[in-house]
Amino acid sequence: MAAAAPPPPPTAAPEPNMVAPLISPIGHPMFSRIRLATPSDVPFIHKLIHQMAVFERLTHLFSATESGLASTLFTSRPFQSFTVFLLEVSRSPFPATITSSPSPDFTPFFKTHNLDLPIDDPESYNFSPDMLNDVVVAGFVLFFPNYSSFLSKPGFYIEDIFVREPYRRKGFGSMLLTAVAKQAVKMGYGRVEWVVLDWNVNAIKFYEQMGAQILQEWRVCRLTGDALEAFDQVNI
């Protein structure tokens, strides 16, 4: 008769203030966090917006500068005006709290992903706010309040939502959109809306899978540049 196998060793308790990883016998664990951006994140936000302009084939419209973003993005409390959530990833668990920049306005979201293959990110050094802890910025969402007269409720308008190329199709975009939607529900808002380029069929399919309606009958109207400045000389 075969001898009984020895009992398995006890599972080590997670370290204090650390997010315990999911247990999986296979795969490559990746830890993610969504947090409020701060002024120190402006260089990463600027790079992300530029990469988004490249992806959307709209670099001819891109003129944002780091100084311009720094002077306009953080003038009000989060959710009262322009707000940015940053998506960060790491091969190590994140601390459960952000002691360097605590905020009473938002509690960060954490998630553990078990990937089939490791992620190859050749630009990680350009997007690392904390190189010592292997943290990399993988995406962002920029949004602000608007108002629906039909609902008589405020809502959120998403100006930008973007995930860097190495991190796409891994659930990170869903995390960013969910974070905004959850905040809208928490604040009693009536809707979240945004626009999508008509050629971006992958994004359209993704948004529909998330429950969004694509409003075919609406068109975006925009005054900007010289057309906007010309109104300075128009008498009312």
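For all residues, glycine too, the Cβ spot is worked out from N, Cα and C.
Noted in Swiss-Prot for the protein shown:
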type: ACT_SITE; residues: Tyr207; note: active site, proton donor
type: BINDING; residues: Ile161, Phe162, Val163, Arg169, Lys170, Gly171, Phe172, Gly173, Ser174, Asn200, Val201, Asn202, Tyr207; note: acetyl-CoA binding site
type: DOMAIN; residues: 96-235; note: domain 'N-acetyltransferase'
Is it possible to list how many residues within the domain 'N-acetyltransferase' (96-235) are helical, extended or coil according to DSSP? 43 helix, 35 strand, 62 coil
A 10 Å Cβ contact count, applied to the binding-site residues Ile161, Val163, Val201: which residue has the minimum? Val201
Cα-Cα, whole number of Å: Ser174 (acetyl-CoA binding site) versus Tyr207 (active site, proton donor)? 9
Min neighbour Cβ count (10 Å) across recorded positions Phe172, Tyr207 flags Tyr207
Rounded to the nearest angstrom, how far is the Cα of the residue listed as 'active site, proton donor' from the Cα of Lys170 (acetyl-CoA binding site)? 15
Over the residue list Ile161, Phe162, Val163, Arg169, Lys170, Gly171, Phe172, Gly173, Ser174, Asn200, Val201, Asn202, Tyr207, recorded for acetyl-CoA, what is the maximum interresidue Cα distance in Å? 18
Which whole-number value in Å describes the distance between the Cα atoms of the residue listed as 'active site, proton donor' and Ile161 (acetyl-CoA binding site)? 12
Determine the most Cβ-crowded residue among the binding-site residues Lys170, Ser174, using a 10 Å radius around each Cβ and all protein chains in the structure. Lys170
